């Protein structure tokens with residue numbers, strides 16, 4: 001008999017292999033849980049040791065952990081054990097909010113992201129960064145790092161560093177010797193006043209540079225400092241003390257340039273000439289009054305330009321900006337060009353200005369401002385032409401004034417006489433009603449805007465509260481409403497013309513008196529101006545009082561009718577209800593002092609006493625007493641009592657009565 005052998009089934013081997021894999025996985029998970037420090041909490045690849053008042057990093061950080069949270073503790077520089085450096089799986093460490101005063105040693109060797117902000121780090125050594133060859137992102141914000149506290153070439157030891165954040169420290173200059181592969185550098189909110197030409201010499205990969213909130217001036221920036229940043233895409237130098245944009249800005253890849261909150265008062269023509277890829281430019285909150293013509297010509301890819309809060313002076317030098325704003329493509333968004341001077345155009349948008357009306361020098365050749373007047377022109381100005389529909393309406397013409405005609409030098413050097421303002425503007429007044437006046441004017445030259453003022457005059461012609469209205473140059477009339485009847489107003493028209501504007505000489509005034517109120521046509525004329533004014537001011541209240549009085553009168557009448565009707569109805573009901581008669585005063589007088597319930601009162605004129613159920617009448621005396629009512633009933637002659645009125649008038653009845 002031969003030996004029989006059985007072959008292990010293939011599915012059994014597969015089952016054994018799967019069971020071994022699952023067992024090893026469970027063992028690894030259990031080992032990790034058992035290896036988690038007792039003061040921490042472990043969750044998969046994360047170890048949470050934050051906010052536990054630790055003074056050192058706990059021992060026993062297991063291998064396989066990728067993120068280590070140690071922030072908001074009291075860890076100092078002596079609290080980093082040497083074995084922590086050998087944990088190779090950790091790539092992110094959070095250590096912000098601790099008590100470090102130096103850059104820590106013995107950090108995990110393969111860490112890539114390190115958060116050290118909100119400590120008190122003052123010094124950074126080369127040896128500390130030399131341990132972190134794979135460090136890519138370093139956050140050192142909110143520390144006490146100074147320029148002398150950074151060892152020369154310290155950051156260069158971190159050869160893989162891409163992002164370096166040094167915001168809110170005590171740096172007085174940009175550290176020299178930064179890693180060549182650095183892509184983003186933030187040194188904002190420091191005390192940097194100087195940037196040497198060696199600071200960015202080898203940073204050919206830098207794409208984002210933020211130097212906001214420092215003490216930089218144009219003298220503190222070395223020539224050619226930024227020319228080496230060939231890959232720079234965003235440059236922000238906000239809140240410094242620059243008087244003009246930094247020169248030699250790299251234009252190969254620059255897309256965003258922020259220059260706001262400086263002291264920039266002029267921009268050279270070539271400042272942006274190389275920035276052909278620039279898409280966003282911000283020059284807000286500076287001291288710019290004008291711009292050199294053509295300064296934006298090479299910004300072919302510009303998408304947004306912000307120029308808010310600059311003292312733009314809208315004279316001849318800003319004409320090209322107005323023209324440029326009218327023809328920019330729709331893809332370009334421009335904001336902030338608002339005139340701050342001269343006074344007559346303050347608050348107007350530069351885009352809406354009429355280029356022919358901007359304040360230009362009077363000596364501009366080939367551009368005569370006005371038609372020359374003959375040399376024999378009279379020096380006396382003529383009053384404005386006024387068209388008044390009704391001659392009976394009160395109107396006081398302006399008093400002619402004498403002034404010397406201004407002369408403007410012509411382009412060939414000869415002087416020409418400028419016509420007076422009254423000859424170039426005609427003013428007319430139309431009375432609409434007793435409280436409204438329509439003022440119209442006609443100008444012989446183009447005016448950018450007008451200012452119309454009016455004031456009510458008193459007995460002494462001393463002006464009161466002046467009201468004014470600014471209207472555009474295209475408008476030729478304005479209605480003055482809510483005026484007081486029978487009042488004199490002084491109306492002045494000021495052309496806000498940018499050509500040699502003179503507030504006194506270029507003002508034309510006139511006086512007009514409104515009609516009396518139509519409500520006073522049938523009454524006597526007011527004795528004084530104050531009475532007319534008082535009546536005019538009280539007319540709305542008078543009308544309201546009349547309406548209110550009429551309503552009250554109607555309500556009183558209706559209430560009186562209702563009360564009378566109810567009283568009449570109640571009296572009729574009381575007469576009809578016989579049991580109420582005894583309650584009247586007359587009945588009580590005739591019946592006695594008070595009604596007695598033992599007295600059977602009969603109201604009929606005749607009656608008969610009969611027995612009930614054939615029973616005998618009760619023996620006793622019955623006394624019949626007639627009651628004589630004043631409104632009728634039994635006559636006193638029906639009884640033998642001759643004088644029953646005495647019974648009513650006395651409190652004791654008579655001795656004689658009728659008996660049965």
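Each Cβ is built from the backbone N, Cα and C atoms, and glycine gets one as well.
Marked as disulfide bond by Swiss-Prot: 36-42, 40-49, 314-339, 316-360. The domain 'LRRCT' feature in Swiss-Prot is assigned to 310-362. As annotated by Swiss-Prot, N-linked glycosylation site applies to 202, 298, 433, 521. The repeat 'LRR 2' annotation in Swiss-Prot covers 89-109. Marked as repeat 'LRR 3' by Swiss-Prot: 110-131. If you look up Swiss-Prot, you'll see 182-202 marked as repeat 'LRR 6'. Sequence annotations record features per position, and here Swiss-Prot assigns signal peptide to 1-35.
Recorded features from Swiss-Prot, shown on the structure.
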{"residue": "36", "record": "disulfide bond", "DSSP (3 states)": "coil"}
{"residue": "42", "record": "disulfide bond", "DSSP (3 states)": "strand"}
{"residue": "49", "record": "disulfide bond", "DSSP (3 states)": "coil"}
{"residue": "202", "record": "N-linked glycosylation site", "DSSP (3 states)": "coil"}
{"residue": "298", "record": "N-linked glycosylation site", "DSSP (3 states)": "coil"}
{"residue": "314", "record": "disulfide bond", "DSSP (3 states)": "coil"}
{"residue": "339", "record": "disulfide bond", "DSSP (3 states)": "strand"}
{"residue": "433", "record": "N-linked glycosylation site", "DSSP (3 states)": "strand"}
Of the disulfide-bonded residues 36, 316, 339, the one whose Cα sits nearest to the Cα of residue 298 (N-linked glycosylation site) is 316
If we take the Cα of residue 314 (disulfide bond) and draw a 10 Å sphere, the recorded positions of 36, 40, 202, 433 inside it are none
So residue 202 (N-linked glycosylation site), by the Cβ count within 10 Å over all chains shown, scores 16
Out of 298, 433, the listed glycosylation sites, fewest other Cβ atoms within 10 Å surround the Cβ of 433
The recorded positions listed are 40, 42, 49, 339, 433; by CA-CA distance, the one closest to residue 202 (N-linked glycosylation site) is 49
The recorded positions listed are 40, 339, 433; by CA-CA distance, the one closest to residue 316 (disulfide bond) is 339
Rounded Cα distance, in Å, between residue 339 (disulfide bond) and residue 49 (disulfide bond) is 59
Cα of residue 36 (disulfide bond) to Cα of residue 49 (disulfide bond), in Å and rounded, measures 10
Confidence over the repeat 'LRR 3' (110-131), expressed as mean pLDDT on the 0 to 100 scale, is 94
Rounded Cα distance in angstrom between residue 49 (disulfide bond) and residue 433 (N-linked glycosylation site) is 86
Spacing of the two Cα atoms, residue 40 (disulfide bond) and residue 433 (N-linked glycosylation site), in whole angstrom, works out to 89
Ranked by how many other Cβ atoms lie within 10 Å of their Cβ, the disulfide-bonded residues 42, 49, 314, 316, 339 are led by 314
Per DSSP, the repeat 'LRR 2' (89-109) contains 0 helix, 4 strand, 17 coil
Per DSSP, the repeat 'LRR 3' (110-131) contains 5 helix, 5 strand, 12 coil
